[in-house]
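In what follows, a single structure is set out as structure tokens and then discussed.
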Amino acid sequence: MTNASPSTIKGTGVVSGVAYAEAVWVRPRPDLPTAGEPIEESRRDSEYDRFLEAVDIVASRLEQRAAGADGQAAEVLGATAGMVKDRGWHKAVRKGIRAGKSAEYATVCATDKFVTMFEAAGGVMAERTTDLKDVRDRVIAELRGEQEPGLPLVEGEAVLFAADLAPADTATLDTAHIKALVTELGGPTSHTAIIARQLNIPCIVAVGARLREIESGELVFVDGAVGTVRLGVDPAESRKAVEEYREKAARVAQWRGPAETKDGYRVQLLANVADGNAARIASDSQAEGIGLYRTELSFLSASEEPTVDEQARIYAKVFNAYPHSKVVVRTLDAGSDKPISYATLTSEENPALGVRGLRVARDNEALLTRQLDAIAQAAAERGEDAPTWVMAPMVATSTEAKWFSGLCRERGLTPGAMIEVPAAALMADTIMPHLDFVSIGTNDLTQYTMAADRLSPQLAYLTDPWQPAVLRLIRHTCVVGRDNNVPVGVCGEAAADPVLACVLTGLGVNSLSAASTAVAGVGAQLAEVTLEECQKMAEAAIDAEGPTEARASVFKVMEQFKN
Ligand code: PEP
Ligand code: MG
């Protein structure tokens, strides 16, 4: 793209695609007030009236937006308006004001009380606390005469800019208007990235403080594949690039599996799911089966271990979505960022390096065998055409692989392991002989290879799945897989990136499993390259100095294929 002086700001691209539109900042949440001076007794009634006025304005604004929206967006806005008008909450605010608190501070205290109650109730109630805080922030901004926080109303097209996005900000996000997301913080596995992947719009995270240099209203060109936000670019060329991207998106929508490269090399494309509902959604996509069923996500709010029968019923819902295809079930990956009350140690200094995944079962084998019994029970009716594979998370040694494999085989299950600890990749030749397959978890493999917390926005430049160090471990695993005749899959976020998926195929990966919304993009991209081209892309990435260089040199190699 040419221009006198376009300036470029770089972040981590997490969903590819381009957009050219005005930047619109999500308005920040207000700073919360502290106690301050008590309100004089004579002014307390009018202070409460001031609160009620703010409540009316916020509720009617939300109702107006609900009336103009439809489907889930209208429901969310209507429900939020309902919370603003909640009498119990008003009563708690009134009590605070009568005790001398300002309307703003009484709003904070009353909300805190409800948040504590909802958190104690757990489950769906606990999930509502973000919405309660959202309501609190809107009312406080109104009381102060400030702009309403959160998503601004967008009429034309816009690129949404934010420090980071909360679930409440994204519930009503309309892709007819919002064409891309760019955030200062976040990482490849943050909420923003997950939402962008679901909505399938270009997304860049972890841009850092320089993003603040761009103001609402400025025209920006966003490229999610390389992670750049550019100002001052030529409008005609930008629009042409967007047009080409839209044509490509249309081709993706038309793409039908099963996946193969231009020269007919088959790559199995599978879906990552968390429960039966996600599995049903996946079965409507082009995913051939399930490559990662994260069982622990069904039990995050369970206080007691479900019985074998209860578990079997939960797993059967996932199997039923794919009655004639492969399903890979992962045993409980409890611990670290997924604590499960009945399985995880409560206090660990360093939980990501602690007793998580398969390690939990070392002192509690029965927890694992009950889960395997439940999986075997749920899979009992599945036919020859519907293989059930079971893999353990966080395997680090051949002893662990052998132990897990024995427990699976005793129950007639096909055993495998995730390769997500660098030691497992390096020692793959000792681990694979015990197993029938492996699946590389690039999210954790990157975290542990780079010694960088996958949840840290400051370290997103390290937790990039394009890190050549990670790609080298993947290449080694594929070589050992081929020698041992053990299929090697990838089920981390790396498999959702269409160009990186070609690199992985070139490295020798046999199957790719990603969010079901990403599958068609990967399949369409694979159809445009040959196996030999994938191998050249893999070489270019492996030889690069870092992730940015790897992307750049792979894109350069791809340009050469076109000529
Ligand atoms: C991974 O680590 O890449 C993976 C697929 O597992 P999770 O993201 O659930 O840790
Ligand atoms: Mg993992």
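Note that Cβ sites are derived from N, Cα and C of the backbone, with glycine treated the same way.
Lifted from TrEMBL, the feature list:
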- 10-128: domain 'Phosphotransferase system enzyme I N-terminal' (DOMAIN)
- 156-227: domain 'PEP-utilising enzyme mobile' (DOMAIN)
- His191: active site, tele-phosphohistidine intermediate (ACT_SITE)
- 257-529: domain 'PEP-utilising enzyme C-terminal' (DOMAIN)
- Arg294, Arg330, Asn443, Asp444, Arg454: phosphoenolpyruvate binding site (BINDING)
- Glu420, Asp444: Mg(2+) binding site (BINDING)
- Cys491: active site, proton donor (ACT_SITE)
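Features recorded in TrEMBL, as mapped to the structure shown.
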residue	record	contacts (Cβ under 8 Å, 6+ apart)
Arg294	phosphoenolpyruvate binding site	Asn272, Val273, Ala274, Arg330, Asp333
Glu420	Mg(2+) binding site	Pro393, Met394, Ile440, Gly441, Thr442, Asn443, Asp444, Leu445, Tyr448, Gly492
Cys491	active site, proton donor	Leu270, Asn272, Gly291, Leu292, Val328, Met418, Ser439, Ile440, Gly441, Thr442, Leu512, Ser513, Ala514
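Under DSSP, Asp444 (phosphoenolpyruvate binding site) is assigned to a helix (H, G or I) in the three-state scheme. The local packing around Asp444 (phosphoenolpyruvate binding site), expressed as other Cβ atoms within 10 Å of its Cβ over all shown chains, amounts to 24.
Overall, the recorded phosphoenolpyruvate-binding residues Arg294, Arg330, Asn443, Asp444, Arg454 cover a maximum inter-Cα distance of 20 Å. All chains included, 23 other C-beta atoms sit within 10 angstroms of the C-beta of Arg454 (phosphoenolpyruvate binding site).
Helix, strand and coil content of the domain 'Phosphotransferase system enzyme I N-terminal' (10-128), in residues and according to DSSP, is 78 helix, 14 strand, 27 coil. Proximity to ligand 2 (Cβ under 6 Å from any of its atoms) holds for these binding-site residues out of Arg330, Glu420, Asp444, Arg454: Glu420, Asp444.
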